[in-house]
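In what follows, a single structure is set out as structure tokens and then discussed.
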Amino acid sequence: MVKILLNGARGRMGQAIQAIAAAEEVEIVAAIDMGDDPVPGLKECEVAIDFSFHEATAPLAKLCAEYGKPLVIGTTGHTPEEKEAVAEYTAQIPMVWAGNFSTGVNLLFYLVGKAAKILGREYHPELIEMHHCHKKDAPSGTAEHLLEIIRAARGLTPEQEMHGRKGLVGERPDDEIGVHALRGGDVVGDHTVMFAGPGERIELTHKASDRRIFAQGALRAAHWVVGKPIGLYRIEDVLGLRD
Ligand SMILES: NC(=O)C1=CN([C@@H]2O[C@H](COP(=O)(O)OP(=O)(O)OC[C@H]3O[C@@H](n4cnc5c(N)ncnc54)[C@H](OP(=O)(O)O)[C@@H]3O)[C@@H](O)[C@H]2O)C=CC1
Ligand SMILES: O=C(O)C1=N[C@H](C(=O)O)C[C@H](O)C1
């Protein structure tokens, strides 16, 4: 059993984690949300898990550093300043930080990287993601990581991303990544990267149908990170997928 503090406990992911905790050999010693004091739970836990809201992550990371507790972050939508603030604490505690804890999406990351490298510039990447109507950030954290992967493979910059198209946008250049965030209904999380080339197109898709996959990944990360050296880890480290 590993003892966890869960931040964002009343939310969709908080509920999904609580539903499987016992089966995954996790004891939730503190289930907190906005307005709750994390300190008593932090003192008792072995690791904290954050699935809450972008503004909440850096303050929690600061407290984890103060009490010497590892942190697993699933929350997305951080501003560049918030990301920087959180990253500072990776010099004080072990941290696993991932925009998507599913095994399937991590395979998608790998396949998209390979495809972006193998296919030439004339195979145009377009990224489409769809989530439920309650999601507050766009594009998704998963989409942001897919964009990083495509940019790295193709030598592109964030300025070469085109988020949605409207009006006289002109012809699509080769060195562009189209990004389209769809919202509606109760979609758990779909991500497609399309490479549209001359005479053919390749589509790589992952569709999540149950939040359990994210919850299982996050709890696996919580078990894994306890006792690890200080530093920043990704889900690839937890899954042993790092090249
Ligand atoms: N990495 C991954 O694999 C996944 C990541 N996510 C991400 O996890 C996050 C949560 O998603 P989801 O559960 O669907 O969202 P919800 O909106 O359902 O839940 C968020 C929870 O966080 C609480 N909360 C809001 N602000 C704060 C705060 N300042 N301090 C502490 N708690 C706060 C909310 O409380 P209240 O209701 O009182 O506002 C609520 O209980 C999102 O960023 C989402 O993108 C989601 C799925 C998978
Ligand atoms: O908010 C969600 O629901 C999800 N968020 C994560 C993201 O932003 O990528 C992961 C998953 O797609 C579900």
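Each residue, glycine too, has its Cβ placed from N, Cα and C.
Remember, it's a predicted structure, so these values are computed and weren't measured experimentally.
Around HIS131 (active site, proton donor/acceptor), the same-chain residues six or more apart in sequence whose CB sits under 8 Å from its CB are SER140, ALA181, LEU182, ARG183, VAL187, VAL188, GLY189, ASP190, listed in sequence order. Reduced to three states, the DSSP call for HIS131 (active site, proton donor/acceptor) is strand. According to TrEMBL, the active site, proton donor/acceptor annotation covers HIS131.
LYS135 (active site, proton donor) counts 18 other C-beta atoms within 10 Å of its own C-beta, drawing on all protein chains shown. The annotation active site, proton donor is assigned in TrEMBL to LYS135.
Within its own chain, ASP36 (NAD(+) binding site) has no residue 6 or more apart in sequence whose C-beta sits under 8 angstroms from its own. The NAD(+) binding site annotation in TrEMBL covers GLY8, ALA9, ARG10, GLY11, ARG12, MET13, ASP36, GLY74, THR75, THR76, ALA98, GLY99, ASN100, PHE101.
Sequence-distant neighbours of GLY141 ((S)-2,3,4,5-tetrahydrodipicolinate binding site) (same chain, 6+ residues apart, CB-CB distance under 8 A): THR76, GLY77, GLY99, ASN100. Marked as (S)-2,3,4,5-tetrahydrodipicolinate binding site by TrEMBL: HIS132, GLY141, THR142.
The domain 'Dihydrodipicolinate reductase N-terminal' annotation in TrEMBL covers 2-101.
For the domain 'Dihydrodipicolinate reductase C-terminal' (104-239), the model's average pLDDT works out to 97. Feature annotation from TrEMBL assigns domain 'Dihydrodipicolinate reductase C-terminal' to 104-239.
Checking the binding-site residues ASP36, THR75, ASN100, THR142 against ligand 2 with a 6 Å cutoff on the Cβ atom leaves ASN100, THR142, in sequence order. Ligand 1 lies within reach of ARG10, ARG12 from the recorded positions ARG10, ARG12, ASP36, HIS131, THR142, judged by a C-beta closer than 6 angstroms to any of its atoms. Annotated (S)-2,3,4,5-tetrahydrodipicolinate site HIS132, GLY141, THR142; additional same-chain residues within 8 Å of its Cβ mean position, judged by their own Cβ, are THR76, GLY99, ASN100, GLU129, HIS131, LYS135, ASP137, SER140, ALA143, GLY189, HIS191. For THR142 ((S)-2,3,4,5-tetrahydrodipicolinate binding site), the spatially nearest entry among the recorded positions GLY8, ARG10, THR75, ALA98, LYS135 is ALA98, judged by CA separation. Here NAD(+) is bound by GLY8, ALA9, ARG10, GLY11, ARG12, MET13, ASP36, GLY74, THR75, THR76, ALA98, GLY99, ASN100, PHE101 per the record. The longest Cα to Cα distance in that group is 26 Å.
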